[in-house]
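Student: Shown below is the structure under consideration.
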Amino acid sequence: MLWVSNTFHYRTNYNLNALHHSNNYNTLNYRNNYKTIYSFHRSNNYNTLNSFHHSNNYNTLNYRNNYNTLNSLHHITTTTPSTPSTTIIVHCQCFHNGTTFPAGSKVYNETDHDGYCYTGYCNETCHVVTIGQPCHTYPVVCLTLQGLKQNGESWIVSNCTSATCLNGSVSLDHRPCPTQKPVVCANNFAAIQVLDDDGCCPHYECQCICYGWGDPHYVTFDGTYYGFQGNCSYWLVKEISPKYDFSVMIDNYYCGAADGLSCPQSITVFYKSYKIFITQKDINGMFKNQISVNDRHVSPAYQNGDFRMTTTGIDTVLVIPKIHAKITFSGLIFSITLPYSQFGNNTWGQCGTCDNNRTDDCMLPSGQIDSSCPNMAHEWHTNGSSCKQHPPTPKPTPTPDTCNTSICEIIKSSVFEACHKVVDYRPFVEACEFDVCHVHINHVGCISLQIYAEVCALAGICIDWRNSTKGQCVYTCPSPKVYQPCGPPVEPTCDLWYNQKFIETVNEFSEMNSVKMEGCFCPSGTNLLSSASDECVPTCEICRLANGKWIEANSTWTEDCNACICEEDTLKVTCSHVSCPAPPPVSCEEPGQVKVNNTVGCCQEDKCECDVKQCPGVVPPCPVGYTLHTTVGVCCSSCVPIPDVCVFNNHAYQVGDLVPMKSCEMCICGSRTNASSHLNIIDCQPLPCDTYCPVGYEYQVSPAQCCGQCVQVGCVVALPNSTHALKPGTVWSPAGNPCVKFECVKIANHFITVEAKTMCPPYDPAECIPGTETVAPGGCCHTCIHRGQPCSVSSTAVTVESQGCHSKEVVNVTSCAGACGTFTFYSTKMRALQHTCSCCQEVATSERQIQLSCPDSTEISYSYTHIETCACLDTDCSVVRRGQTSAPAAGSRRRRR
């Protein structure tokens, strides 16, 4: 039978000056006096300390002798609502008779010489616990932090310490660790220090980091860089031998480049029974990551027992602690980080094999190694995915002469200098230059800078790089949030439960809180209201209202007749009904008065109002423009005119109002009053009419309308410098241009202007017989008799016009022209000058007929005379007397129209 001594007595109070707070600590003893000593290596204020609280009693349990408990606290947790928490690691020892004992060890073994043995053990809180048992009946055991251990039993105390129970005493064995060997990683990332499987000794191993960006560019787990274009769903990572049920799939699409370049649009992570889908969508002009878990939409931060998802507004981060996996996605950028100890030599896919060997990165699903990683990448399309066929990846085209790759130089500059020795920048520069010259997306070079900064952040180096791009890569956050290059992965909010769950609680997810990432955060001096909003508040001392708004503590307001206050202590809203003063007594004794109860603000009050039905006698209803006027008491009235009111058609109008009285007059309620009705008089004036009309139109009054209108009365000829009107049937030629004639023709109610141009035959005065020069009828063409030209028929091509109608084709109009024998001689017989004259005239003619087309689509017949032959015929000669000149014969023929 085992028993534990549990008799305690108060003896002495001790004041421990090593603490910042001065408290009283009581030591509970059995028989003797014991002293408690605490030594704190880190001096802070502590809200929580090893389950001890401010101003409490601390008890030390011992048996018989003087035993001292020595606690050494090397790292203390600070737990407050506004600051992150720190892990508590307690190392303590029990002090007995000048000797220290670790927790879990035996301190003494004594007997009372009456058949019982008493064994003292240093328990987990470094207090000596006594166990009594018969000395000769039960086997020897050890009381440890892991419970009772049998004699000869061994167990692990800590990572590098084992213990054995030997005759009631605990024997400790410490295992030394070998010297760590340096490791060179093929992906150029620094090796990290990890513990062996038993958690005792550390060793170095490489990190498995795969990332992709842009159109896209890939870097495998072992650091092989390659470009790949394909719009399909592909396996980025699969386990060769399934161990953790983990895989990652990416979905690419052709993103608009002329040469068929593609971009990532979503990533899907499979883990255990989870399908975690991450994509990016344009929401009101802002690209935001959208997340679903097993086809159910979730909002970050999101956490369950297996993984956590967070977002900074730019990047979405997925962490799976059990397998130490980390996946990030931000539209055109992704990264996958896996531990070598769990995934080494067990991955394949587009991210290659994680074995610190680049030669096998281009492994096909068949297990063979391809010489080309882009060819390998095509083979990792998922089963059942619809892939549009695309020609093989072309060789890189020469960089255009006009390609400006200056933004890519920033990667090589001092901006990223702190990261150059940790992450090789050359693949990112190469990818940046390719994208800038071949992908037609604005500021596409920023993507390479962003992924390089993210990979540097994964290596623990945060770079403030966007300000060095001269505005090309500026990131605009949704108001009121602002961009920060190195912010926390989870932004604190005013929700204490949220901060406790995602920030302050120390658990397997805490490791990710140390990474700094770029994102959108509330400005300095403000706090994020909640994870579900982008609202920043100046203080978290607020009350949440039902309408989604908030109000600061101690604020008061009235709502729905309730006086409300935001309580400072509880941050809860307390409301009480508004108190109303006692209403004063109201007496309504005048004729026509009645008492009514009205609500004024939040309180009721009585008042007197008039009800004419209660007036003595009959009160007639007042017509429009009149109102009741009190004649008895304060309520009973008669009808009197309303001042400054006109009445028309049973409607009242104020002075200055327009009155719709007459259609062709503008009527206004005037200021004069009618002597009989005492109402204001309506003044009317005729509406002014605009009588101006353009050329060719005249103003005509319409009986059915208030104003007349402009009516066309002739044709309008618009010339560059003037406008001329023609009456129907008239022909007009502009001054100085007789070859152009305008004729006005009226058909039905339409006025049609017909323009005719006369084409003159060639005319050269030098070829004319002097004195024969003349102007043809109409004043347009010059003509003459040419030298040596015999009398013959000549023709001129003209367009025949008549009554506004025109010939469909030009008509050859004939004429007689040429020289005839004309001479003068002296007759001796007649003793005078004899004259012989002949004229070139028509000899034979015929009548011809053509059809003219009219503007109204009709046709008319037109006849004209055609000269068949001409000859020189004798004619009388007129003698010019002295002092006279001969006039030419007026024998010209006018062409009929």
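Note that Cβ sites are derived from N, Cα and C of the backbone, with glycine treated the same way.
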Student: If you check TrEMBL, which of Cys784, Cys805, Cys816, Cys820 bonds to Cys872 via a disulphide?
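Tutor: Of the listed candidates, TrEMBL names Cys820 as the partner.
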Student: Return the single candidate from Cys805, Cys816, Cys837 listed in TrEMBL as disulfide-linked to Cys870.
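Tutor: Of the candidates Cys805, Cys816, Cys837, the one TrEMBL pairs with Cys870 is Cys816.
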Student: Between Cys791, Cys805, Cys877, which residue forms the disulfide that TrEMBL gives for Cys854?
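Tutor: According to the record, the bonded cysteine is Cys805.
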Student: Between Cys816 (disulfide bond) and Cys872 (disulfide bond), how far is it from one CA atom to the other, in Å?
Tutor: 10
Student: For the domain 'VWFD' (208-388), what's the model's average pLDDT?
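Tutor: Mean pLDDT for the domain 'VWFD' (208-388): 86.
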Student: Quiz question: given the disulfide-bonded residues Cys816, Cys870, which has the greatest number of C-beta atoms lying within 10 angstroms of its own C-beta?
Tutor: Cys870
Student: Given the disulfide-bonded residues Cys805, Cys854, Cys870, find the one whose Cα is closest in space to the Cα of Cys820 (disulfide bond).
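Tutor: Minimum Cα distance from Cys820 (disulfide bond) across Cys805, Cys854, Cys870 lands on Cys870.
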Student: Between Cys805 (disulfide bond) and Cys870 (disulfide bond), find the distance joining the two CA atoms and give it rounded to the nearest Å.
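Tutor: About 31 Å separates the two Cα atoms.
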Student: What number of additional C-beta atoms lies within 10 angstroms of the C-beta atom of Cys805 (disulfide bond)?
Tutor: 20
Student: Compute the C-alpha separation of Cys872 (disulfide bond) from Cys854 (disulfide bond), stating it in Å without decimals.
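Tutor: So the Cα of Cys854 (disulfide bond) lies 40 Å away from that of Cys872 (disulfide bond).
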